[in-house]
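**Q** Pulled from TrEMBL, these are the listed features:
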ACT_SITE  Tyr242  active site, O-(3'-phospho-DNA)-tyrosine intermediate
DOMAIN    1-72  domain 'Core-binding (CB)'
DOMAIN    85-243  domain 'Tyr recombinase'
Amino acid sequence: MKEQITPFLDQKNISENSKIAYAYDLDQFVDEIHGRVTETNLRIYQASIKDFKAAVQKRKLSAVNQFLYFLYQNGVIEEFHRLTLPKVAVSKEQENELLDLSAFWEESAVPKGRLMALLILEMGLLPSEILQVKIEDIDLDFQILRIEKAGQKRIIKIPDSLLGELEVNLTGTYLFEKKGRSYSRQWGFRQLEAFLLEQGQDSLSAQSLREQFILRQREKGIGIYDIARDLGLKTIITLEKYR
């Protein structure tokens, strides 16, 4: 199975340092499962990393899940397996903590879910708003996105980091569509959930990603009223705890 690691890394658009980290984690994984993907071997692997810090476990599981999906897609294994971290209750202190989600920018086996997560994290959009975005609502030249919800219209600045992500998806009528029709909310949540699982971040949700957007904006010195406007909120009541 180790011979599959190089082809897997070759098809990923990541830095050499990231490839080295992936190769290290995957080499350990294959050694631990003795080259055989079974439920028992996967449980043994998870037990082998349980004493690592949560962030390290998430990184390793993200690499392994992407590798398992690659193996499944290429017919190396017959069944797709996905590893997840045990859910841990989040304390009140952790709720308002900025998380390192830089791995979201790396290539994913769930590209639609990844783009949804980035739009929430970087722009504070709701999944329901994202699914209704039309290509004509996106203006990359002026870096703005027009959102209309319940008769309320607002214009949001598109951050530089998302320009390239959006540019490659500007086809059709909707940003997320099938045969010219927007996808359902259920589809959107499934895509987002699958991406978060892949990242080892299954304790997160659309709501917690939106909270991360708020925390990041406050970290940049953006005022509560400006954040409320971008989020489409009529009052700042729900943002009081971020003052």
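Cβ coordinates come from backbone N, Cα and C, glycine included.
Have a look at these and tell me how they're positioned relative to everything else.
**A** In the three-state DSSP scheme, Tyr242 (active site, O-(3'-phospho-DNA)-tyrosine intermediate) is classed as helix.
Computed over the domain 'Core-binding (CB)' (1-72), the whole-number mean pLDDT of the model equals 89.
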